[in-house]
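Scroll down for the structure; my scribbles are underneath it.
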Amino acid sequence: MKSPATRENCCQHLCFLAFGHLQVIQDAVYWRKAEEAEPPTENISLREFENLAIDRVKLLKSVENLGVSYVKGTEQYQSKLEAEIRKLKFSYRENLEDEYEPRRRDHISHFILRLAYCQSEDLRRWFIQQEMDLLRFRFNILPKDKIQNFLKDSHLQFEAISDEEKSLREEEIIASSPSLSGVQLETESVYKIPFADALDLFRGRKVYLEDGFAYVPLKDIVAIILNEFRAKLSKALALTARSLPAVQSDERLQPLLNHLSHSYTGQDYSMQGNTGKISLDQIDSLSTKSFPPCMRQLHKALRENHHLRHGGRMQYGLFLKGIGLTLEQALQFWKQEFIRGKMDPDKFDRGYSYNIRHSFGKEGKRTDYTPFSCLKIILTNPPSQGDYHGCPFRHSDPELLKQKLQTYKISPGGINQILDLVKGTHYQVACQKYFEMTHNVDDCGFSLSHPNQFFLESQRILNGGKDIKKESTQPEPQAKPSVQKLKDASSALASLNSSLEMDMEGLEDYFST
């Protein structure tokens, strides 16, 4: 068998992720038509397995964030997503040279994430949606002369009608597609497809029907392709889930697969240059100006109740450590507050001081614990009655969240925008929208993924683009060198991709042993 040429088979590459079957043998990519997509057959190292999975997670999270921040299909959306795909070295255009390796990365990483994201209904839904958006992007940039080949290779028996047939039905097609003018139709391909394949368009009264066939303009054909893709990928994930126990029995893969879906791809904020710059007297003021809602909620509960349960102490304590509190400050801060709640000082020293010292890496295994990321807060240890930790956008009742946003002086229109994002399960984007509204900016210029990121970006805006400044009257230790330079605000995903390494909950050590 001959290796297919890169330029001639990129439509097949696109088709593969939706419907095809790939085999990677040495340097050749062979295609076989198959009813069900199957994984590539190639030996790769655990390190490459991990790296490909991490890059795919970054790509899909970029797809998600851009899809919420911009209108899908617009020039701005397309250009930013293409930039992210190029940055992560995945395939993005059909006629580029040296396309073999990006396509290979695409194929393998897709199937790795099938293993990680088949484990629950929520994970499957998220994975399918992002892969659908990625397929939509790639289809939209596919040259028109390649589209028919793509449809054929996808087993979609859709044939473009002739110009003569199109002219005969021009009036009816335009009437059924309000956004399509006569001038546009002259250059637009129209496909004659079985009525059953166009039910969604029919329900929305967006297609012309005749003799059991639907006449679908090219701009609407992607909706049918995506529906077919969703059905096939959903079925494939269900089948993968049945086989998962056998995969999880491999002790080399289980830790990675279990953590991929909860992974955080940004900075860990464990070593900050602003250590000692925050005084205890500033915390109350900072909590209303620069804390994200999750930490603002915890601070308010601590001040009112003079106590937090373990989950709240961990989440808030590590956040305070990340913004610059020293160990001595943390001990003083928590002890003062708990004593106000009538706790005996000796009891605090015996029962709580050790845990605070432990979180700073001064006790036990001497592990320097990092502040919780948004994903960790959203996906692990949900709060129960009497708890104040967690993510307000994920864990609060919508009505209570609305009331809370009202107390934060968010406008009614802004509250509705945030609640719509929450309803769509875009919790981090909802928090980012809160940031923009409380800091009076139209576009914050970053993709929010961490509470400490929220704090640092807030301080930069409030300080005119400068890093946190320590008040000269405070006796705390001299500040270390300033934190990292301001990220490029022109990129909607700058913060997400400025990370040095992925925080994989200890998996880095696991794979290096």
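Each residue, glycine too, has its Cβ placed from N, Cα and C.
TrEMBL annotations: computationally assigned, not manually curated.
Note that the coordinates shown come from a computational prediction; the quantities given were computed from them, not determined experimentally.
As recorded in TrEMBL, the features of this protein are as follows:
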- 285-455: domain 'DNA primase large subunit C-terminal' (DOMAIN)
- Cys294, Cys374, Cys391, Cys431: [4Fe-4S] cluster binding site (BINDING)
- 468-487: region 'Disordered' (REGION)
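Here the features listed in TrEMBL are painted onto the structure.
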residue	record	CB count, 10 Å
Cys294	[4Fe-4S] cluster binding site	26
Cys374	[4Fe-4S] cluster binding site	24
Cys391	[4Fe-4S] cluster binding site	27
Cys431	[4Fe-4S] cluster binding site	25
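Other than Cys294, Cys374, Cys391, Cys431, the residues of this chain whose Cβ falls within 8 Å of the Cβ centroid of the [4Fe-4S] cluster site are, in sequence order, Pro292, Pro293, Ile377, Ile378, Pro392, Phe393, Arg394, Tyr427, Gln428, Pro451. For the domain 'DNA primase large subunit C-terminal' (285-455), the model gives a mean pLDDT of 93.
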